[in-house]
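Worksheet: the structure to be examined is printed underneath.
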Amino acid sequence: MLWTSALCLSFAVYREACRWLTSWLCALFAVAFNDCKGNQDVQFEVSHPDFVVDEEGRLSPRRDVIDSGTVMFIHGQSIHSDDMAQVDILGAPPRSPQTLRVKKIFKEILGLGQIPYRQRRSLLVPPMFVPENQRPPFPRSIGKVISADMEENHVFHLTGKGADQDPKGVFRINRLTGEVAVQRPLDREAIAMYYLQVSTTDLSGKVVEGPVALEVSVIDQNDNRPIFQESRYAGEVLEGSPTGTTVMTMTAYDADDPNTENAVLRYHISKQSPSKPSPNMFYIDPEKGDIVTVISSSLLDRETLPTTQYELEIVAKDMAGSDVGLTGTATATITITDKNDHAPEFTHSLFQATVDEGSTGVIVNLTVDDRDDPATGAWRAVYSIINGNVGQSFEVHTNPDNNEGMLSVVKPLDYENTAYHTLLIKVENEDPLVPDVGYGPSSTATVHVTVLDVNEGPMFFPDPMVVTKRENVPVGSFVATLNATDPDILQTQSIRFALLKDPAGWLTVNPVKGTVNTTAILDRESPFVRNNMYSAVFMATDNGSPPATGTGTLVITLEDDNDNAPYVSPSVARVCEDAKDLNVVVLGGQDKDIYPNAEPFSIELGKQPGLEKTWKVSRINNTHAQVTLLHNLKRANYNLPLLVTDSGVPQLSNSTEIKVQVCTCKKNKMDCNSAWLVRSSMPLCLGLALLSILCEYPSHDVPTSPQGTGG
């Protein structure tokens, strides 16, 4: 008969004496086993290698215990009974101060209650724990698997990653006793948990029990320092920010177990540079890593601080900041950024400038002071003219290199009109000022501009001067009288004229009176004439000291005379000797003259007799006519006389001719040269050829003589 066993718990007696991190050199509780036969020769076996049930039946540690895990098993066996009990150990995370409490799995006996029925478990595999970074010797026992049905011909097997799978050989199991051992140092940061399986087989390999899961946890050691992702961090805080303003957050990482204090980090500032005006201008939250301002807002003034950048050396320490914790460091650079709390001010209330009349460009640079951060919108200046710029002759722009205002003349000034100008100029920032700061009197300045008198050149009026003349007027004809005045009205000066540019050489000018006359025939069709207009440039010079010069343009619009005879194009046409379509060419009339001295044109046959029997010219429109053959001609070159007449008054006619080539056409190819060359290369037959032509065409019927057939 198999009797149910129980554990008689005496934990209350030892509660205060047995703490987790003590040496455990005291019994946890007494084990009560009842086989109903007096409990003689009872043997106990504990799954955890660091615990044993002593001769007095007490569960006690063999040595100092770092971690017992959360479960262990006790196997009791006598000649009358065989049973197991499970012990659940409850408490805080591993290696944290805690009090062990043992939970009863079964009700206590000794009169405290009845023992319920419990199903017997044959193969018990407790979770096991191995500290990382252990030193030799190896192997080291880490626990024991208990089998209630173990027989002499049964053996234990361990499988899974860490046993017979990569990484192979990390753990092994005693085939006979079930004791599990680790064979080399472990690294929790590489593998934190091993998942294995335990089974028992007979000698033939047949599985008797299992497989049952075995979890081996690697206990963390503090072997990793906190690490910041970057060695240097940058943050900004606006000047005048209130105390407690968050600047930035520093975060480090620790590869150790996050559930232990090995990875619990604490931050602190070890050094501030520079240390003025206070060595504790900033504070870092020990747990969150938030850097906040400690200095008052009035002292956090960028313009009065010794520097605009502070460097903080930040230390992160694990073990919750304890003395034994490992550390990592990084540097935080904090920049005090600017706000626009200072208005720009002119360095002088009055600026002086002089400028020659008639000139443009920068006349004075306006300087300002601004205590805000250079190269920011709170420092960059914007200038404006708020008074005195009546004719919009002045503009002011900011020099991007030095922030000065460049006052420029953009429209030439006239000394004779106004010799002095007074401008009022205002300076502001690109960014608006903070609410409690405004622009004062120093943000405006006065500029006195003195215009210097300069001997100015004479000015033509009108410029350009436009006149109309007919082409072909006689040489010496009057064209125009130039008008030029001296703008220096306060001086009495004389003006002389000269011809500066006359492309065709048609003109001359009287140096005193400025009268312009022709020295050659004006030709509207000249290449120097564009759109019926001819341009010449004249120069006027005063007698000032030094003399000044002005220029003006004379534009002559030329009226057309009918002085060019018309002509036709194209001048060469081709036709096949066996052509069905006897239309030879469409001729277009052209004339260098313009309407009404050009089209409509009259295009007709020349006055030679007999042309009308072979040729016909038909009018198409005012400018074009069609040339047609009345019958086919033999292969040769023919010169066709034509008469072209324009519509001018009086009319002009032009007797001209076009060449008509009658060619041999075969397979869409026109041959106008080869046969002719053969004919012209046979001098012995030349006379016979001419005689043949004369016999074929009576003299009064020949339209033209083919080129090359006669002398």
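Easy rule for this one: first residue shown is 1, then count along the chain.
Just so it is clear, glycine is given a Cβ too, placed from its N, Cα and C backbone atoms.
Nobody curates TrEMBL annotations by hand; they come from automatic prediction.
The model shown is predicted, which means the values in this text are computed figures rather than measured ones.
Taken from TrEMBL, the feature signal peptide applies to 1-17.
TrEMBL lists 130-228 (among others) with the feature domain 'Cadherin'. Helix, strand and coil counts from DSSP across the domain 'Cadherin' (130-228) read 0 helix, 50 strand, 49 coil.
Note on the domain 'Cadherin' (229-346): mean pLDDT across this stretch is 95. Positions annotated as domain 'Cadherin' by TrEMBL: 229-346 (among others).
Among the features that TrEMBL reports, domain 'Cadherin' is placed at 347-460 (among others).
Counting residues of the domain 'Cadherin' (461-568) by DSSP class, helix then strand then coil, yields 0 helix, 50 strand, 58 coil. As annotated by TrEMBL, domain 'Cadherin' applies to 461-568 (among others).
Under the heading domain 'Cadherin', TrEMBL lists 567-685 (among others).
In terms of DSSP secondary structure, the domain 'Cadherin' (229-346) contains 6 helix, 50 strand, 62 coil.
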